Every structure is written in C-alpha cells, then in structure tokens.
C-alpha cells in the first residue's frame, strides 16, 4: 500500500493487508474484550470527565492561593496551572474501573514541598477524597487517592515559567531547561503519550492491540513497573514498535506479532521507536546511554521512551522478572499460533493464570496497615533482587496482585523456585537486611511506621493465609508451565540473561526455608 506510513528505525517486516481470516478474528477479539470490561460505559466516561474537571479546578485555586502571597501584586496575576492526563487514559485505552494517571503543571513559585504539604492538606479536608497516600521518595514522587470513587495517581512538575497558559505545548524541549529530574520524569508521561500517537501508522489498530496486550499482561501477572515487570508505557512502546513493523496488520495479527518479535528479541539490545536527536544539552546525562552511564549498563531489557530525554522505562526489571516475562511471551506466542490455526480461542490467551499453581514454596509479605501500600510496593522488588542473588534460588517471582489475609491485612506472595542442589536454604539474612533498610527509611521520616511480617508458606498451607476464592482464582497451570519450561539456547544471549536448566520441583520438597521475623 503506497499510502502506508513508514515509521520507526527500520523498514517494516511486512506490508501485508489483513486477510478475511484476520478480520474475522479481529471481530471475535473485539467481542471478547467487551466481555472483560475493557471499554467503559458512557456513564463512567462522564463521571471521569466530571472528576477531572473538579480536581483541575482545585489545582488552579491552590496555585492561585500561593501566587497571592508569593508574587508581588499576586492577586492581579493569573498564574494558571493545570491538571493533565497521560498513560492509558490519554491514549484512550483505559478499561472500566481503571485509575487515571495525571500530572499537575505548576509555575515556578509552586514547589514540590508545597505539593506534598499544602496541596495534600487540601485533599485531606476534601470529603470526595479517600485513601490518600504520598510516596515522596519514589523514582517519580506521587500522590495516590480515590476522588469521587475514581482512583487517581497525581504527579507534580514545576516549570521555570511565571505562569502556565491553558494551551501550553509540553512537547517543546526548551521547557525542560532548569527543571529538576523529578519534574522531567513527571512530564515524560505526557510527552511520551503524545509522541506515541504520532509514531504509529494507525491509531485505532494501536489502541485495540494495546487494550488486548494490557489485559493479557494483567491476567498473567506481568503488569507492574513498580515490582519489576512492565508498566503501561512499556507495553505501549512494544505495541507501537510492532505496529511500525507491520503497519497494515489488524489488531488480531499485531497481538501475535508482539509476542513473536519480543520473545525472540536479543536483550539487552534496546527497543526504540525513532532515532535519537543530537544531544547538546545540560540534560544529556539523563539520556539512556550505557557508554557513558555506568548504571545503564546493568539494565536487562532496555525499552526507551521516544521523547527527549530518552530514558529506559524498564530499569526495575530483574533477572527473575526478565525470565518470567520472556517465558510468558513464548507461551503466549504458542497460543496465538494455535488461534490463527483455529485450534484455540482468545479465552485460552487471556484467561487469568493461577499464581499459586506455579510454585510449591512461597514467602508471604504482610504489612500492618494500608496507609503505606504505595511505598511498600515500590520496595518489594528490592527484596526480590536480594533473594535472587542467593545461589540456591533459581527464580523469585512476586505476584503483583495484593491480597487480604485471613486477618484482613494486605499481603503479597513471593513464589520461589530453587536450584537442583538446594538444601538447608536459609533466607534469614536477606529478609532481615530488607527489614533494616525499611527501618532506616522510617527513621529518616521518609515513610510512617510499617510492621513487616515475612513468613515461609508451603503451597499446602496457603489456605491458612488466604481465602479459598483467592487460592483457586484463575486457570491452574500444569507441569509444563511458562515458568518451568526449558529455555532454548541462543547464541545471541548475554551472560546476564542466560538461564539455568530447568529443575524438577519434586527434588526440593525437603528443603528447609528458615525465616525469622521480629514480632
């Protein structure tokens, strides 16, 4: 097709148009997504719009109140400021009940400290606001809340401008000058969303494909940036790159090709959507560059944002999560191939997987209160990375889904797979080291008091911790699971990503895992 847009850093793999079979599969895909509430009702859409409008008005009043006392003749100044959306909501792929990612764009007289003090106090007094939490020391500092029943994540960006006009264009790189790194990262979400929509040949195809991939990732436990898997932006970049490589394909085909392209990708070769521009800026150190930045050399699955400064959206990925993501993609590709042949259905691909059927050994991580959930979730991956360094641990797999234990406390489960020769395994030092790190941050006032309990649980004892409904939720995987299949050898694998051979879990039934926790 001569009119097809050629986008990306390479020529397309295929320019083929959808076949009649692709169109039929696409129709059945759309019907399936409808049943999973991947599309919200008109009433819910209206409620979201009203909520964002109310919160935007609250932001403007807050910024104006600070201008009145901090700027000469501030009462006569229209300082502006606004609340902007990004992520799934901005891309138009949010599902029913999903949260909304937002950023407050503020002028120079408003600081991040104001955001976490005076603005937070305003929210605490607002009857529409529930479950307000602040995570000030996160990689991207954030407030989370429920406003009029809708979950919101709120970031903050302070521009070096006296006022913020309503029609501000955040794609202008010059706006990043003199900004702190947290503000740059907060703006990155908006800038990436805008750029993504410009870098795909067909927006409708991109959006429907992304809806499907997000549903699959959530139901297979590989959707959580905070816990070391892929977040929404990362999945969007992978879908966008696939759309570039197959610019005329239908969503039913794009889904299959996402798994084909990235299950065979030669990590840590980076995924990019466009060529980098010339970097002659004070912000050059923020651009992902393993030649200059030591930390970037240790990134296992670099997937780069398409706006300046280009950054890795997967810096949280660990050895274990890399392995899990790759194996899940390989399994998904096999199912997609069967769907194309008519031997499987979309339900076989999207059905939720039962996490507890994957492993025989678990660590239950429980905290005593819900006010610090956001902070704790952002730190769990550190425990995973600590544990997977143990030579007797083959895989440490955190379930991103938070559960309630029988005492109604928030609990996360870490599934463990041991090496063949593991015996008398003791993870006490790893757990205690993680607790000490949490205690240090509490002592510095970074977060309130959290009482963490870490308990070893055999699969047969899980019923003592969680409800039967949670224990049986999803499809049980059999012996040939995505996480237990042997990974084919590849000459292009790096030493960091090469996987050990598969272990028969029955060989470690007698392993003793000793965890001590301060009560």
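Glycine residues also receive a Cβ, built from the backbone N, Cα and C atoms like all the rest.
Positions annotated as ATP binding site by TrEMBL: 86, 87, 88, 99, 100, 101, 153, 214, 223. Annotated Mg(2+) 2 binding site per TrEMBL: 99, 101, 153, in sequence order. Taken from TrEMBL, the feature Mg(2+) 1 binding site applies to 99, 101. Annotation comment: TrEMBL describes 8-200 as domain 'Poly(A) polymerase nucleotidyltransferase'. Here TrEMBL flags 205-352 as domain 'Poly(A) polymerase central'. Sequence annotations record features per position, and here TrEMBL assigns domain 'Poly(A) polymerase RNA-binding' to 354-405. Summarising the annotation, TrEMBL assigns region 'Disordered' to 480-502.
Feature map: annotations from TrEMBL on the structure.
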{"residue": "86", "record": "ATP binding site", "Cβ within 10 Å": "25"}
{"residue": "88", "record": "ATP binding site", "Cβ within 10 Å": "23"}
{"residue": "99", "record": "Mg(2+) 2 binding site", "Cβ within 10 Å": "16"}
{"residue": "100", "record": "ATP binding site", "Cβ within 10 Å": "22"}
{"residue": "101", "record": "Mg(2+) 2 binding site", "Cβ within 10 Å": "23"}
{"residue": "153", "record": "ATP binding site", "Cβ within 10 Å": "19"}
{"residue": "223", "record": "ATP binding site", "Cβ within 10 Å": "21"}
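With respect to their backbone Cα atoms, residue 88 (ATP binding site) and residue 99 (Mg(2+) 2 binding site) stand 9 Å from each other. Residue 101 (Mg(2+) 2 binding site) sits 5 Å from residue 153 (ATP binding site), taking the CA atoms of both as reference points. Secondary structure of the domain 'Poly(A) polymerase RNA-binding' (354-405), assigned with DSSP and counted as helix (H, G, I), strand (E, B) and coil, comes to 19 helix, 15 strand, 18 coil. The full span of the recorded ATP binding residues, 86, 87, 88, 99, 100, 101, 153, 214, 223, taken as their largest Cα to Cα distance, is 18 Å. Spacing of residue 153 (ATP binding site) relative to residue 99 (Mg(2+) 2 binding site) is 7 Å (Cα to Cα, whole number).
The DSSP breakdown of the domain 'Poly(A) polymerase central' (205-352), given as helix, strand and coil counts, is 78 helix, 6 strand, 64 coil. Highlighted in sequence order, 87, 89, 100, 102, 144, 151, 152, 154 have their Cβ within 8 Å of the centre of the Cβ atoms of 99, 101, 153, the residues recorded for Mg(2+) 2, and are not part of that set.
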